[in-house]
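Here's the structure we're looking at; comments come further down.
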Amino acid sequence: MATAWYKQVNPPQRKALFSAWLGYVFDGFDFMMIFYILHIIKADLGITDIQATLIGTVAFIARPIGGGFFGAMADKYGRKPMMMWAIFIYSVGTGLSGIATNLYMLAVCRFIVGLGMSGEYACASTYAVESWPKNLQSKASAFLVSGFSVGNIIAAQIIPQFAEVYGWRNSFFIGLLPVLLVLWIRKSAPESQEWIEDKYKDKSTFLSVFRKPHLSISMIVFLVCFCLFGANWPINGLLPSYLADNGVNTVVISTLMTIAGLGTLTGTIFFGFVGDKIGVKKAFVVGLITSFIFLCPLFFISVKNSSLIGLCLFGLMFTNLGIAGLVPKFIYDYFPTKLRGLGTGLIYNLGATGGMAAPVLATYISGYYGLGVSLFIVTVAFSALLILLVGFDIPGKIYKLSVAK
């Protein structure tokens, strides 16, 4: 009789994943809170819709810098210490957002948040996946990423109402809490055993991901990540504004985004099990194709029908964003240990610029067709391209060619 999967994980491995997961919970909370109060900030600071969209996504500009730096440092000095520093950085950036007095100050603060959150992802994802048994790494990947959804749900439940009573500035001060987590990680969490075993081997330089034999695989992993962010971030970032602009009140928006967060949370964990069962690539394609069932009617339903919108949102996030839980494992398979932090941090976060470009593109298109239709168009386009890339296993074929050379 086969041993249950959870019995194959020892206490240090559980503690490693839990500490990385907590960091990602606060990451999701700190990063997503601005999207729930962006309409309040917009009115208070007197900024335009396109400026508000850019503020909401400026953290993506910082992500390749933060991810590359922290990833490279994690390859050199260890996953755990650099994860601690990354958590500290995004917490400080969030807290400083509360004292911003204009568009430019807020943009700088969000840039700092982007540096920290991208670094946290680079360190935490390699740390979590490396710490678990090979046959359970899709689950480790999914459990880790589910933390972002938990943080998002908490933000959706707390921040809108808190901001209405105490102001949007005080909302950002809550984002300083993760600093306390750093102290616990320093005391309790173990280092990645896989990194410890590999740390005395030759190290790669910062430019190694852009040189043979890694260049081609870096480029295709970048394209996959760019399309993934393009497929799910327009709805994540702009849906609250879409609902608010159509007269939906704050309580209903908070409820709907909580439902969306629950969809992402359960979908992330579900596809972690599916990934270990049928493989990461097949799980990707199944999730994306299924997402069209829920996406197609979403923006053509009356905003007054909140129950049906909630159902579609849950299903869309379960599928379209649920597969994001497999990304750390997906990247893990294409980079060696000595380059994994850098590869994850730099290439994944370069791809994350899709999360900046797609909402801006959707906002631009909305000037012609309305925000609902533009969100639909952009999401379908990026999802279709992602299905083609992963469905035909383009990354796997390129990887085999690069290894063979």
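Just so it is clear, glycine is given a Cβ too, placed from its N, Cα and C backbone atoms.
The topological domain 'Cytoplasmic' annotation in Swiss-Prot covers 1-20, 75-80, 124-139, 186-214, 272-282, 329-344, 393-405 and is backed by sequence analysis. Positions annotated as topological domain 'Periplasmic' by Swiss-Prot: 42-53, 161-164, 236-250, 304-307, 366-371. The transmembrane segment annotation in Swiss-Prot covers 21-41, 54-74, 81-101, 103-123, 140-160, 165-185, 215-235, 251-271, 283-303, 308-328, 345-365, 372-392 and rests on sequence analysis.
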The transmembrane segment (81-101) touching the transmembrane segment (165-185) per 3+ Cβ pairs under 8 Å rule: yes
Of 54-74, 215-235, 345-365, whichever stretch has the most CB pairs under 8 A to the transmembrane segment (103-123): 54-74
Closest-packing stretch to the transmembrane segment (81-101), where packing means Cβ pairs under 8 Å, from 21-41, 215-235, 251-271, 283-303, 308-328: 21-41
Proximity of the transmembrane segment (283-303) to the transmembrane segment (372-392), 3+ C-beta pairs under 8 angstroms: yes
Cβ-Cβ under 8 Å with the topological domain 'Cytoplasmic' (329-344): same-chain residues at least 6 beyond its ends: 67-68, 70-75, 79, 82, 121-123, 125-126, 129-130, 137-138, 140-141, 194-195, 198, 201-204, 206, 208-209, 214, 217-218, 221, 224, 275, 280, 284, 395, 399
When counting Cβ pairs under 8 Å to the transmembrane segment (251-271), the leader among 21-41, 54-74, 140-160, 345-365: 140-160
Top partner of the transmembrane segment (308-328) among 21-41, 54-74, 140-160, 345-365, 372-392 - counted as Cβ pairs under 8 Å: 140-160
Dominant neighbour of the transmembrane segment (140-160) in 21-41, 54-74, 345-365, 372-392, by Cβ pairs under 8 Å: 21-41
Overall pLDDT of the topological domain 'Cytoplasmic' (329-344), taken as the mean: 88
